[in-house]
Every structure is written in structure tokens, then in C-alpha cells.
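Features of the protein shown, as given by TrEMBL:
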- 89-94, 141-144, 176-185, D211: FMN binding site (BINDING)
- R301, T538, S599, R600, K605, K606, Y607, V608, T609, D642: NADP(+) binding site (BINDING)
- R457, Y458, Y459, S460, T475, A476, V477, Y481, G491, V492, A493, T494: FAD binding site (BINDING)
- 83-227: domain 'Flavodoxin-like' (DOMAIN)
- 282-524: domain 'FAD-binding FR-type' (DOMAIN)
- 20-39: transmembrane segment (TRANSMEM)
Amino acid sequence: MENSEGVKIESTVVTEEPLISALDIALFVVIITVAYFWYFKRDKQSSSSEKKPYTIQPSSLSSIEQTSNSSFIKKLKSTGRSLVVFYGSQTGTAEEFAGRIAKEGARYKMKGMVADPEECDMADLVEMKEIQKSLAIFCIATYGEGDPTDNAMDFYEWLQNGDADLEGLNYAVFGLGNKTYEHYNEIAIYIDQRLEELGATRVHEIGLGDDDANIEDDFVSWKEKLWESVCSHYGIEETGEESNIRQYKLVDCSEVLPERIFSGEISRLKSYENQRFPFDVKNPYLSKIAVNRELHKSGDRSCMHIEFDIDGSKMRYDTGDHVAVYPKNSSELVDKIGELLNADLDAVFSLSNTDEESSKKHPFPCPCTYRTALTYYLDITSNPRTHIMKELIEYASDPKDQEKLKLMASSTPEGKKEFHEWILRDNRNIVHILEDLPSVKPDLDHLCELLPRLQCRYYSISSSPKVYPKSIHITAVLVNYTTPTNRVNKGVATNLLAQLIPTNDELPQPTIPIYIRRSQFRLPPKSQTPIIMIGPGTGLAPFRGFIQERDYARKEGREIGEMVLYFGCRKKDEDFIYENELQEYVANGTLTKLHLAFSRDQPEKKYVTHLLEQNADELWNIIGEKSGHLYVCGDARSMAKDVHSIIVKVVMEKGQMTNSQALNYVKKMEQQKRYSADVGS
């Protein structure tokens, strides 16, 4: 038989024996032997763990470790610091900005540290007043539809629900947002106002960065005025010292054993060889590509239908969720950097934080080779920010290259213009910069410190788990374009995916790391609720999952509500994706109406927004008279804004409301999750 822990227990017949039998003596010897070896092994493990080199911080800490490490006040006091910069970051930009502010603090006699609010006891803010001339700065991004980033969620809820006395806390806030979204910088604005309500003193007015324009310019302009306010508030002067101090030091790891070297894992060493559930941002699942097929019928563009195999992973998703894909940079670009800098890309190294109190010991998993860092961990295809221009100056041997970098790193109108034209407009990445400024030869380890982390890419899931429980489908357009300098830039993730073509069963299938990100983009709880879906191009993706789910319910015999889809593309014979599937859903009654707009199939361009304006009665019938739900997926910059304006107009006219009443009606729809958007800029 077995006990509750699954340990086998042997049954024996008990007979009369002496007080101490031979069996008792044998058991006693066994117990003593086991105890001895257990103690010896524990002692050996303890001593060996102290010698273990180059470990990466675990993604979670025990409660005891959290208690001892979460007090940022203790760290400030013990290291003589007065500046702490918190970040709420989803893609790494806010964290990068926080690091730059903390670094510059030295120029104003304010030794700083960067802190992740998720790893801190934010109630300790009440003790900031105990540190002379102290300052807390918050670099906070607004994510999704007005949500805090994952790592700032607890802090946001603490501010909402608490009533701490923050008198004596000096603070400033910089927000990172995007004006194409309705809830522009909503979280940063709330934090700025809430801190003041709780008694804190605002040292400098809030800064609002717009990622749809030039968030780097917004940040630099705000930062310069911030330090002016800091000097005025505390009665201090700038020391004039440059802040180009390395945050990380190079460690030669040529002697490290191969099994201790990272080869592309996100957090845990050898995690792709020994996969462990649950899978998340720090522990993605290495999924096989089950299907990769072209959706466009003709033309020079490509749109892929890709299916990730999740059978046996225990991963679960809901219709409307997103899947995150971890890409890698092309070997061509990586090799080019090695060639330009005459560097050995296969040398093993580590970057260790010079600040021993920092919770971030390495900028990415270390030790690894330079090739691994440039391939899996560093963003080498985005436009570098101005602080990188500044750090590259010292590596330029040609005075002309030096002057160009100095100009672009400056905050003068001429400098901003040059940076905008030469970097942003001409779309140069770090490889292009090194090519076009040939005298610039930075140390490769320093370049690895400067470049931001390569981020995962998110895709709307275009399948329903009811129909496809063992796979996740996405719909992705291949990104390829020519820059003004006649270079071809390629999308990091889509170009990688385009190469991952499944082979026959006898060969290993291509794989890629993924995890599921939950979404609020959901079908109504009741299948009878009517819905309108507006998704031109790949905006159709989540609605394919919606339709599949309702079709599944219909086949089960359940009643389903009206489903109206607005879809648009350029040409019917080229890029009408999933055409046969959609027509079949219309034929079997799952899809009530399919409104199509092919923008280039006639002399005058025709878009889904034109169809919406023509169908005002149908729109109002569903969202007004039947309290249905409306969904929008696609481009936030123009399409989603135009749709919102049309809906407000329809509500005004058909609902006989004033403009103010119509805006409130639509706002209420959003609050009730009857108007949902899954959009990107």
C-alpha cells in the first residue's frame, strides 16, 4: 500500500520477539548511516554553493529574502544615497530612462539608485523624509488601455487603496505613453496627483513622453528642466562632472565551464533543455512550429498564418489573448558588428554591476558569448537614443565624427534636428551608425552595456482554444522596407518566423520561445449577445478566434447572437486573408453579415470606415437598441480614432443625443467592456 505522500509501506506479520532484536539493531544502524550522509551532503552543498560563480538573479525570492531585500530605505541609508528612481516598465524604456537619471544624479551631489517597485516595500516612502535632501523620481509607463505595467501594479493599487502620510517626500514623475491611445499617460498622471494628495512635495512638474512622436526628445527636455528645479529646490549647483561612468564592469569568463554559459535563455540556465511549467515572461515555452503558410494570393507582400504547437505544455489561453514571441537578431547583422569592431564574437564574458547594492547584477543573462548577447539579448535594429550618441564620442578618432556625435547628443535645436533627420528619419540602427562613422570603434563590452534589451513581440491570437486547445494561431505580415539610405530593414520577429518552415516528421521541427499574455479583449459572457467586429488587415486576427468560438457554440446547439464583421484590405484577389473560412461562416449562419472594403479595387479608395458611415442604422440597432458589444482591432493612429468618431456620431444621430451625451454614452460602453479596442501604433 501507499501513504499520503506516495511512499510504499510494506505489510508484515508481528510475532513475539526479544526487547531489542537483530532487526532493531539493523534499523538503528541504517538510521544513523542515513543521518550521517544527509548531514555530510548538506554541508558539502552549502560549501559548494558559496563558490558558484556567475549566477543570474532568480525571478522570485522567498518571503525571508523579500523582507530583507525590499527595504530601499535601508539601502539608501547604508550607502549614503539620497536619490531613488523607480520605474514602471513593460518594454524596458522606462527602466532605461530611470538608469540615466540615477547616473546623472552624481553631477548634482545626489548619489542615486534605480529600483523596481515590484521588488520594494513602497510603504517605506513615508521614511524618505529621514534622509537629508532626498528625492524620489518615478519613470512610469502606461500600458494597454490605461493600465499600469506589470511591475508597477502593486504600487498603483497601494496608492489607490492606502492613505499613507507622505509629508516630507520630495518627488517628480515622468510618464511614458502614446497619444494614439485614448488613455494617454493615465497612470503617470494619476501617480503624480495621488502623491500630492497624500502630502508629498512635487519638486518638478510631470513630464509626458509621447512614443508616437519622439519620446527621447520629450524625456531629454524634461530631464534638463528637472535638474534646474532640483538645484533651485535644494540650493545646490551642478558639479560640471560628466556622467559617462560605466555601470557594469567587464569580467573575463574564458575559463568558465561550457555548462555554466548562457546560450540564449531568458532567465534560467538550460531552461530550453529542461522545460518546466509554468511558462511566463521569464520562462518561455520552446514551441514547435506546426504550420507556416502564406495567406496572400499574389502581390509583393507576405502575410503568414503560423500555428504554435503547445500540446503537453499545460499552457492555456482564452480567445482574445496575445502570444509573446521571443525573436533573435539576424546572423548577418551580428557578424557585421564583429567585423566593424574587429571583435572575437565567440569570446565568453560577463558584465557585473559596479553597484554592489543593485538588485540587477547583470544587464542580461551572464556569462555568455558576445555572439549570444548580440543575437538574443540586445536590440541592434532600433534607432539608438541620444545618450548612446554621447557615449560613443570618446571612441571616435576622426574629429568630424566626434563633432557629429556631439551635435546629436546635445539638446540644442540644431542637435535635435540633426538627430531627428540622421537617426530617426533615415532610420539608422547601431550597425548603420558604425558603418557611416567609420572612426567610431567602441569597446564591444561597453556597446553591450549601452544597447537596450531585445524585447519579445506580441501578436493577437487568431484561434479559439475551444477549437484548437493544443495550438496557438497568429496572423503576421512580413516586415521589410527600404530606408532613405537605401538599406533594407527587416522586422526582427517576422523575418525569423518566415524562416521557420515545418519539415517532414522525420526531422526536428523548428522551434521558438513563446508565452501567453492575458488580455481584456473578451467575447461577451453570454453567447446570445450581438457583436460588431471591426478589423481591417491583420486586425482580423482576434476576430477569427471569436468567430470560431461562436461557431463551436452553435454546433453544440446553443443560441448565438448576431455577428457582424467589417473587414478591409487592398485588393480582393491579393490580400483577402481567410476568405474561404469567412465565406463558410456566412453560409452556415455563424457570421450574420460580412462587410468588405477593398481600398484599391476601384478608382476611389474605400475603407471600412466608409462602410460604417453607410450602416449607421445597423450599428445603432446592435449597440443601442440591443446593448450589443463593439470591438476594434488594428491601427490606433488613424483607423481606431476614425471608428471612435463615427460611433460617437452614430450615437448622436440615431440615439438623438447631444455631442456631450453621446461621448458619455460611448465612455460608459467602454467602462462596461461593451466597446473594446486591441490596437497598436
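Cβ coordinates come from backbone N, Cα and C, glycine included.
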**Asked** Roughly how many Å separate the Cα of K605 (NADP(+) binding site) from that of Y181 (FMN binding site), to the nearest whole number?
**Response** 26
**Distance from Y607 (NADP(+) binding site) back to Y184 (FMN binding site), taken between C-alpha atoms, in Å** = 26
**Chain-internal residues near T609 (NADP(+) binding site), provided their CB is under 8 angstroms and they sit 6+ positions away** = M639, D642, V643, I646
**Message:** So among S89, G92, G144, Y181, Y607, all listed as binding-site residues, which is physically nearest to V477 (FAD binding site)? Use the C-alpha atoms.
**Reply:** Y607
**Prompt:** So of N178, T475, S599, which of the binding-site residues has the fewest other Cβ atoms within 10 Å around its own Cβ?
**Reply:** S599
**Message:** For the C-alpha pair, I'd like the distance in angstrom between G92 (FMN binding site) and T475 (FAD binding site), rounded off.
**Reply:** 26
**Complete:** binding-site residues considered: Y181, Y184; fewest surrounding Cβ atoms within 10 Å belongs to Y184
**Prompt:** Out of these binding-site residues, A141, V477, A493, which one has the fewest other C-beta atoms within 10 Å of its own C-beta?
**Reply:** V477
**Item:** Spatial separation of G144 (FMN binding site) from Y459 (FAD binding site) - C-alpha basis, Å
**Value:** 13
**Complete:** Among the binding-site residues listed as R301, R457, G491, the Cα nearest the Cα of N178 (FMN binding site) belongs to R457
**Asked** How far is it from G144 (FMN binding site) to S599 (NADP(+) binding site), counting Cα to Cα, in Å?
**Response** 29
